[in-house]
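Have a look at the structure below, then the notes.
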Amino acid sequence: MNSNLKELSFQQVDVFSSERMGGNPLAVVVDADDLDTSTMAKFANWTNLSETTFLLKPTVPDADYRVRIFTPHQELPFAGHPTLGSCHAWLTLGGKPKQPVVIQECEAGLIRIRRDGDILSFLAPDLIKTGHIDNDLMKRVMSGLSLSPEMIVDASWVDNGPGWMALLLKSRDDVLRVRPNYQSISGLRVGLIAPCLGDVDGVDFEVRAFTAAGYEDPVTGSLNAGLAKWLISANLAPPSYIAAQGTVFGRSGRVHVRFESEDIWVGGNVVTCINGKAIL
């Protein structure tokens, strides 16, 4: 083995599900302070998961740890499921928060994460773009998703960083029937949500997320955070609700949303599936 390589603690965790292989997987490399950006990017490309994270020592006094988040192709300032998965890995490997909430440092700033029993939740970031979607863009999205006007209740930008736009549809069946033409919506991040109306026990909404890279994300923290900001403020959703996502993959993703004291918390279960070492 190359003498410059190190064995680093590694976990692959499943986020937004209490059932292993039911949510959205995340690879987490711990004590990654000595890795350069190129090595991190190369490893994230190799894992080929939607995101891979690297835990480092914090650079600000209030933070418990620092995280860098990579897709197979780029680094992200923030993402929801990597935030919860990284926090879970840090806690299970002995991390002790300085405050009642965990403080994560990332490129987007300091993110508060709280623990409620088995649920980890992050504080939903503010929207940087909201409101009306241009008519021409709406026509493009509707064409790419084969949606008719009568299926759509409302639509809005729900961009908290990644660039999400969202459509509220009338029925869960309308959401689940969509088969996207990714060529038509290339470069766009589009979320769909609809009320379940008792179709699924304990679930209030069904969500799907189509990424700019041309694939569907199983369970998406940033989109659900944006949806919650929009729907709750517009009185289109109750202050607390549970959203299902990943149904079309046979996944059991569950996103817990709670509005408290003007804050919106977005969370879910996280379980460890792989625990070992990464040689990097």
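Quick reminder: no glycine exception, Cβ is built from N, Cα and C everywhere.
The C-beta environment of Glu51 (active site), restricted to residues of the same chain at least 6 apart in sequence and closer than 8 Å, consists of Leu26, Ala27, Ala44, Ile69, Phe70, Thr71, Leu76, Ala79, His81, Pro82. DSSP gives Glu51 (active site) a coil state; it is part of no helix or strand. The active site feature in TrEMBL is assigned to Glu51.
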